[in-house]
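Chemist: What Swiss-Prot lists as signal peptide is 1-20, and the listing cites sequence analysis. Positions annotated as domain 'Peptidase S1' by Swiss-Prot, on the basis of sequence analysis: 28-267. Marked as disulfide bond by Swiss-Prot on the basis of sequence analysis: Cys53-Cys69, Cys148-Cys226, Cys181-Cys205, Cys216-Cys244. Among the features that Swiss-Prot reports, active site, charge relay system is placed at His68, Asp114, Ser220. The N-linked glycosylation site annotation in Swiss-Prot covers Asn263.
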Amino acid sequence: MGPAGCAFTLLLLLGISVCGQPVYSSRVVGGQDAAAGRWPWQVSLHFDHNFICGGSLVSERLILTAAHCIQPTWTTFSYTVWLGSITVGDSRKRVKYYVSKIVIHPKYQDTTADVALLKLSSQVTFTSAILPICLPSVTKQLAIPPFCWVTGWGKVKESSDRDYHSALQEAEVPIIDRQACEQLYNPIGIFLPALEPVIKEDKICAGDTQNMKDSCKGDSGGPLSCHIDGVWIQTGVVSWGLECGKSLPGVYTNVIYYQKWINATISRANNLDFSDFLFPIVLLSLALLRPSCAFGPNTIHRVGTVAEAVACIQGWEENAWRFSPRGR
């Protein structure tokens, strides 16, 4: 174990916060494969083991993601979160956790309040490859730097036939002023001041259209990570946009805007609730039931394979992505 690994172990033993402090800090130019251990809070969200979205580890038991990645009618225990691996489908290094509870922001609608928290079935064990990212403080004014990083397994080109990239991608993107972003997305707004703005206070814009650096379909729910005062802080959640990396920047849910709700949800999640007792019972029941059993009128039926479930999920994601506000 090297000096960095020893220091990391000491921090854990002393109970000192390790959020936003990856052990490895090697860099790869934006838009290419990310180095192992550089983004230890990055997680992949799966439905019946099929990749659907990204997310970030924000505590020992909570994942932050986009609300549009989740459908409330789907069975919670069919969701899993994979941590510790930068390659989708690599079962050798990833650690899998089931989702026991889903909390979607109560005001979520279309692109508004596009944020959700997932409670894992058990606490995560932190390692050099699995660490949480820090969240903004509600009591301290946060100065967002001019450049931050977006990570995910989404398309590297909008025209790509693949729905996601197997290797985790990273890109350094400039933060775009909200008013400037509003003018890009809503150019007639300056002539119609009564028109409702597109880029509201709960959104952040980021992207480099000249060098084609942007998030895209498949990156939904992933973090916008900013290096501030020596630690990595999540300031955004990949939400939507138009034409990946071309003429308009990507739009992210503003984590700072929803931080009070996030803190309150995390605080409640740390307490035992009904889901902690129900989840083991549900898993046991599933083990005893046949694969073709139905759980209700809104359930996606599984007959031997998960083809129908995947088609439903990918179809919803594709429609959201094509919708004027892009759901990745």
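Just so it is clear, glycine is given a Cβ too, placed from its N, Cα and C backbone atoms.
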Chemist: Using CB atoms and a 10 A radius, I'd like the single residue among the recorded positions Ser220, Asn263 with the highest neighbour count.
Modeler: Ser220
Chemist: Starting from each candidate's C-beta and looking 10 angstroms out, tell me which of the disulfide-bonded residues Cys53, Cys148, Cys181, Cys216, Cys226 has the most other C-beta atoms.
Modeler: Cys53
Chemist: I'm trying to understand the geometry here, so how far is the Cα atom of Asn263 (N-linked glycosylation site) from the Cα atom of Ser220 (active site, charge relay system), in Å to the nearest whole number?
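Modeler: Cα to Cα, Asn263 (N-linked glycosylation site) and Ser220 (active site, charge relay system) are separated by 21 Å.
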Chemist: Filter the recorded positions Cys53, His68, Cys69, Cys148, Cys244 down to the ones within 10 angstroms of Asp114 (active site, charge relay system), Cα to Cα, kept in sequence order.
Modeler: His68, Cys69
Chemist: From the Cα of Cys53 (disulfide bond) across to the Cα of Cys244 (disulfide bond), what is the distance in angstrom?
Modeler: 16
Chemist: Taking the Cβ of Asp114 (active site, charge relay system) as the centre, count every other Cβ atom within 10 Å, in any protein chain shown.
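Modeler: The answer is 29 other Cβ atoms.
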Chemist: Within 10 Å of the Cβ of Cys69 (disulfide bond), how many other Cβ atoms are there?
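Modeler: Taking all protein chains shown, Cys69 (disulfide bond) has 28 Cβ neighbours within 10 Å.
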